[in-house]
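The next block holds one structure in the form of structure tokens; read it before the comments.
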Ligand SMILES: CC(=O)[C@@H](O)[C@H](O)COP(=O)(O)O
Ligand SMILES: NCC(=O)COP(=O)(O)O
């Protein structure tokens, strides 16, 4: 079964826009779980443009499904994750000023660094995942870091699929086959949506989790959070 982990970054974006507490992030996280999501994802960036570090602490006691924290493992993020001990940490090589995540790790060039960081999280009982492009060399490199899982970076697939190019799935299918052979768990995320998720899931063998935020929140502006989450769960079942 592929789990749906809802990324609530954009709820925090809306909340921060007025400096108050509406929408209430904790209430939305509780409701997202009530509506059937099997995970909550946050990506506390260094500038706290949306998810604040305090949010990460406040969410821990109310997340009763998988809790996934994403970020570049710089000192503050490492400390935050090791203190909170979420279900999973997803390492993303984002520049501090990146408008959003826009690349996977070079797991060959950064193998030794990733091995060290991953070992620290695993010593603390936290499942690890690393954000990678669907390139076979990067998948092989990921396996050598000792990570539990990879997260396939799906922006290219989403872009091409929206243009009608279904062949864009091929690198993802091939990467998943290799990851399965290397005993790597497979997650995926970035720009997945109600439009593309069913086709993606059907062509990526043993996909364990998708983390979806931006499109899901935008779709919910029209369909409502409960109905949209139900739509994802139906397409993932
Ligand atoms: C790694 C990834 O693609 C997303 O998890 C990321 O969290 C999106 O970040 P923004 O919500 O800041 O665009
Ligand atoms: N890891 C991907 C994620 O958490 C959400 O990405 P997006 O759906 O906001 O693009």
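Cβ atoms are placed via backbone N, Cα and C, with glycine included.
Note: TrEMBL annotation is automatic and uncurated.
Keep in mind that what you see is a predicted model, and the values were worked out from it rather than measured.
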Which of 2, 90, 100 does TrEMBL put in the same 1-deoxy-D-xylulose 5-phosphate site as 45, 50? 100
Same 3-amino-2-oxopropyl phosphate site as 18, 191, 213, 214 according to TrEMBL: which of 7, 167, 180, 203? 7
Recorded positions 18, 43, 70, 151, 190, 214: which have a Cα within 10 Å of residue 50 (1-deoxy-D-xylulose 5-phosphate binding site)? 43
Using Cα coordinates, what distance in whole Å links residue 151 (site 'Transition state stabilizer') and residue 190 (active site, proton donor)? 10
Quick check for the class: what is the C-alpha distance, in angstrom and rounded, between residue 100 (1-deoxy-D-xylulose 5-phosphate binding site) and residue 43 (active site, proton acceptor)? 10
In DSSP terms, helix, strand or coil for residue 191 (3-amino-2-oxopropyl phosphate binding site)? coil
